[in-house]
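Residues or ranges marked as transmembrane segment by TrEMBL: 111-129, 141-162, 183-211, 273-292, 299-323, 343-368, 380-405, 439-464, 484-502, 514-538, 559-578, 598-619.
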Amino acid sequence: MGPWVASLSRCSPLSRNSRYENCRVTLYFPKCYLSQAYIVVGRSGALSEQTYVSKWAEPKKGHYGDSYDGEEKEEVALAKMPPGNAEAMSLEKADHQSTEPRETWGRRLEFVLASIGYAVGLGNVWRFPYLCYRSGGGAFLIPYLIMLFLCGIPLLFMEFAVGQYTRLGPVHAVAKICPLFKGVGLATVVISYVLCTYYNVLMTWALYYLLHSFSPSLPWQSCNNTWNAVGNCSTGFPGNATHLQSASQQFFDRKVLQMTTGIEHAGGVRWELFGLLVLAWAIVYFCIFKGVKSTGKVVYFTATFPYFILFALLINNVQLPGAKDGILFFLMPNWSKLLEVQVWVNAAAQIFNSIGISFGSMISMASYNKFNNNILRDTFIVSLANSATSIVAGFVIFSAIGYMAHIHNLPVDDIATDGPGLVFVVYPEVFSTMPVSQLWAPLFFIMLLCLGLDSQFAMVEVAVTFIMDGFGKKALQVFKRKELIVLLVCSVGFLLGIPHITRGGIYVFQLMDHYTAVVSLMFLAFFEVLAITLIFGVRRLSVMVENMLGKKPNFFFRVCWQFLSPMLVLGILISSIVQYTPARYGKSYTYPLWAEVVGWFISLVSIIWIPLGALHELWTTKGSLLQRLKKSLTPTIDLESVSEKPSSESIALFTAA
């Protein structure tokens, strides 16, 4: 009686040039319970004459009357093998014993919700509505949607494919795809981690506002508080009276931040914010310390709850007087704006920044998917949900701004703003005049917390994934548990966030945000797209997708990857360089020269890894300069053509005799 097949695992090639020569099967023999064999399969899918047993399971005594020494059998089998196959089996055995299976999302829905939660962040609430209004109102939706389909969806699909196929974080995934640009992966980890150190400061402010929302009366509602400068405080928006500040603006500046006059005057630590920063990082830690298993459960709430609040606010706001004027102001198309190049660049940049391409988070989260997860469907769900949220947020924000303009008899243009000022100054002022303000204020800041925490989870997870992929065994030998590694990552992020909660911290925050999210990001995005779509190539990328989904990406995606997306990213990069302006805070404060130097240093902290990675690869590769360059541009990832996979006929050869 011959062996019969219990299972056939996915084949792994011996080398880049020999595909499907090394397949592991699980066999059952009459005299042992479990065995594994290596079968040499030709490119046509036919079996060769030689079948090598790699390991015999020792049967229990009393069964079949024989006893087998597994190690001796393995050594004999290896000795009889050709050298190449024996070496491959030995390496595979060592690798199998030293690596643990990568954890995966509990359900596909968890991955989708986590991706939506990361993409839908505070920028959807405070940047898109203002950008839409400034760039032609309803007319801006035309370039926005065009850029979504030509740039956003194809590049998100690309990152999902890279992460899911390699099952690695951005550092090791990009290194396999294009060794010369392996520094791009490390740069994405650095920029994500730098961003998360000050992004959590926003969560700190939101917690501060949330706690004060439960006061008998909202503290930013009047000028009769100890922190108010009564002489220039206005209970509404001051309009053209530049010497006046609204009560909500003074609450933010004088109570929350207690801000100094500039970055050169750091002041002391705001201890209330210090405690809330500890709380914010504790929340992040306990949501991600078990990896995707814990994050996957948290996102059921954090990714869905903001939509309940957003729609509740929309229903409430559209009934307020003046809401119609604000919405019309938001949507009124100015068709002449479509002739301006900057409007199209703004649309592409908004899509790029909102979805979160080149931060490494999407690659990292997709790496925890099952190999055949339908990432094409997930790509459309995440992209369209992100854009729909931005548009709905626009209605919510401008209906409220229209109401405030009606109450204070001011033009909408005098109230409309973007950035932190919108959610921490304008909207709190709106709540102070709304019916049932004590209900809407806490709900709004809980919504902000959920929006921010989802993005924070993903950015911190990038750093954790990098450590576990690159130094997993060594790190676990030192820290014993992954939870302690996550604690270390969160603790360092907390320490790096302390400068932002000093009295001059808002200036540090603005400087970091400008040089990280504006300057560095587009450089990283360009080199990532260059490495994956142009050097690694659309053909190889298509093979990856075909292996996972069973069919190649359609003509639209291949054209976008090959031509349109790289051109758009290059256009955004050039526009960012040409239109570069130094960082500013508000309308009047300009940073001193030394602060600008620090800002460029912050940019270089992430960008510098791209040339350093290229130099390291060329230095460590053997051969002439031309040979080194050629090798460094050659991917080391194993790609298997679907047409060359073993057929059902070849598998049938293992049936019982």
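Every residue, even glycine, has its Cβ placed from backbone N, Cα and C.
Bear in mind that TrEMBL entries carry predicted annotations, made automatically and left uncurated.
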Chain residues outside the transmembrane segment (111-129) and at least six past its termini with a C-beta under 8 angstroms from it: 105, 202, 292, 295-296, 299-300, 302-304, 306, 330, 350, 353-356, 361-362, 365-366, 368-369, 373, 378, 381-383, 385-386, 389-391, 393-394, 397-398, 418-420, 422-423, 448, 450-455, 457-458
Top partner of the transmembrane segment (380-405) among 183-211, 273-292, 343-368, 439-464 - counted as Cβ pairs under 8 Å: 343-368
Per Cβ pairs under 8 Å, the stretch of 484-502, 514-538, 598-619 packing most closely against the transmembrane segment (559-578): 514-538
Leading stretch by Cβ pairs under 8 Å, where the reference is the transmembrane segment (484-502) and the options are 183-211, 273-292, 299-323, 343-368, 598-619: 273-292
The transmembrane segment (183-211) touching the transmembrane segment (514-538) per 3+ Cβ pairs under 8 Å rule: yes
Best-contacting stretch, by C-beta pairs under 8 Å, relative to the transmembrane segment (343-368) and drawn from 141-162, 183-211, 273-292, 299-323, 439-464: 141-162
